[in-house]
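What TrEMBL says about this protein:
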| type | residues | note |
| --- | --- | --- |
| BINDING | 27, 28, 29, 30, 31, 63, 190, 208 | L-glutamate binding site |
| BINDING | 119, 121, 133, 137 | Zn(2+) binding site |
| BINDING | 249 | ATP binding site |
| DOMAIN | 25-255 | domain 'Glutamyl/glutaminyl-tRNA synthetase class Ib catalytic' |
| MOTIF | 30-40 | motif ''HIGH' region' |
| MOTIF | 246-250 | motif ''KMSKS' region' |
Ligand code: GLU
Ligand code: ZN
């Protein structure tokens with residue numbers, strides 16, 4: 001049954017007023033390049049809470065398309081961790097590595113409409129010409145084989161509305177760049193597959209870290225180009241080790257502990273603006289239930305980054321940047 005959102009009590013309304021609750025579909029889309037750390041927990045939790053507070057579905061998609069970056073065993077480890085943190089997903093996990101035919105079909109349709117061209121420019125050449133790609137090869141007619149393929153930017157997005165960050169302005173060179181849809185090494189590019197997947201999975205709300213704010217403009221232009229309805233986008237602050245550097249393996253962000261989910265989950269809720277000073281929970285199930293009942297977009301901080309200082313798997317401190 002479809003219920004109109006505006007008949008719900010205030011605290012249960014989604015950030016997307018007007019959408020029908022029963023059709024909310026959110027997702028968490030980790031890249032299995034390592035185990036989950038605190039930063040990815042924040043992204044998973046934010047998308048989970050937004051979905052569940054809106055009686056939505058919450059899907060998990062493994063973004064294992066970039067095979068050189070995939071670490072064997074990481075996808076299973078991520079799913080085990082989500083489970084032990086009580087973040088249970090709806091439906092089957094989708095693996096991008098199993099969807100090459102789908103991506104190839106969409107790419108072929110773009111090629112058929114002559115929206116795609118081959119580019120032979122090296123990173124060094126692009127840098128020498130000013131840094132961002134100047135659509136140099138658009139008219140060059142290079143052969144497609146063993147070259148990167150770029151999409152002609154016919155729908156540049158110069159600004160868009162983020163449900164948390166507000167109006168986002170995109171620099172002209174980024175908005176107008178013909179970006180890569182298939183890499184020289186033959187792999188489909190993230191920008192292509194993320195849009196194809198979000199559309200194909202019927203995603204209505206994308207909630208993720210603010211490192212993906214600018215790429216959103218490209219995704220929105222591809223939604224237009226493919227004549228798909230775009231989902232709502234909401235970008236929560238990115239957990240960083242120092243300004244500009246997200247928590248990652250490179251800066252030694254530790255994996256979160258499967259055996260002690262509560263401290264990290266409590267810390268992730270605090271990061272997202274929850275006040276836990278008068279509550280105490282001894283299992284993840286009741287903690288998450290409480291969090292879903294308390295969730296509202298007005299709790300969420302709208303910074304682009306928050307610095308995380310972690311002493312060990314139980315102690316986290318944050319400083320807004
Ligand atoms: N796989 C991407 C990442 O882990 C996230 C993509 C997305 O949420 O759209 O950074
Ligand atoms: Zn080129």
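The backbone N, Cα and C atoms fix where each Cβ goes, and this holds for glycine too.
Positions of TrEMBL features highlighted on the structure.
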residue	record	DSSP (3 states)
27	L-glutamate binding site	strand
63	L-glutamate binding site	coil
119	Zn(2+) binding site	strand
133	Zn(2+) binding site	coil
208	L-glutamate binding site	strand
249	ATP binding site	coil
Per the record, L-glutamate is bound by 27, 28, 29, 30, 31, 63, 190, 208: how many Å separate the farthest pair of Cα atoms? 16
Filtered by Cβ distance under 6 Å to ligand 2, the binding-site residues 28, 29, 119, 121, 137, 190 reduce to 119, 121, 137
Same chain only, sequence gap of 6 or more: which residues have a CB within under 8 Å of the CB of residue 190 (L-glutamate binding site)? 63, 65, 66, 215
Going by C-alpha distance, which of the binding-site residues 119, 121, 133, 137, 249 is nearest to residue 31 (L-glutamate binding site)? 249
List those of the binding-site residues 133, 137, 208 whose Cβ lies under 6 Å from any atom of ligand 1, in sequence order, or write none if there are none. 208
For the recorded L-glutamate site formed by 27, 28, 29, 30, 31, 63, 190, 208, name the remaining residues of the chain with Cβ within 8 Å of the site's Cβ center, in chain order. 61, 62, 194
List the residues in the vicinity of the Zn(2+) site, defined as same-chain residues other than 119, 121, 133, 137 with C-beta within 8 angstroms of the site's C-beta centre. 120, 126, 134, 135, 136, 148, 150, 178
With DSSP assignments reduced to helix, strand and coil, which class does residue 190 (L-glutamate binding site) get? helix
